[in-house]
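Undergrad: Sharing a structure here in structure tokens format.
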Amino acid sequence: MDLAGICSSFQSDLDFCPDCGSVLPLPGVQDAVACTRCGFSINVRDFEGKVVKTSVVFNKLGTAMPLSMEEGPEFQGPVVDRRCSRCGHEGMAYHTRQMRSADEGQTVFYTCTNCKFQEKEDS
């Protein structure tokens, strides 16, 4: 590979664009490989003899963590000073969702950190 005539920001392997550092796509049937970010082009012949290996790794069945109530999004996030209407505990976690049309406010879901009771408020 002769990159002597190429003015580049840094020196790189053929896997990366020498101008912007992006990963270059794999060579295809075209005569050149072009960077999808900056448009830098390199002749496909420069890739001759280069070996490309790929592998796919799958997680074993059953290795994913089971979802429990404490791990859901309604139990994560900030806690505000709000009294639970069911148990009277002071302190509720909250998260927001856009449940209605985009020109209306969000819906705030409050979850009691003590009894897990959930309330909602349209803002």
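FYI, residue positions are counted from 1 along the chain as it appears here.
The backbone N, Cα and C atoms fix where each Cβ goes, glycine too.
Features from Swiss-Prot:
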| type | residues | note |
| --- | --- | --- |
| ZN_FING | 17-38 | zinc finger |
| BINDING | C17, C20, C35, C38 | Zn(2+) 1 binding site |
| ZN_FING | 80-120 | zinc finger |
| BINDING | C84, C87, C112, C115 | Zn(2+) 2 binding site |
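I'd like these features described in context: how deep, what's nearby, how far apart.
TA: Across the zinc finger (80-120), DSSP helix (H, G, I), strand (E, B) and coil residues number 0 helix, 21 strand, 20 coil.
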Undergrad: Go through C17, C20, our binding-site residues, and report the one whose Cβ sees the most other Cβ atoms within 10 Å.
TA: C17
Undergrad: Can you name the residues of this chain that are 6 or more positions from C115 (Zn(2+) 2 binding site) yet have a C-beta less than 8 Å from its C-beta?
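TA: The answer is C84, R86, C87, H89.
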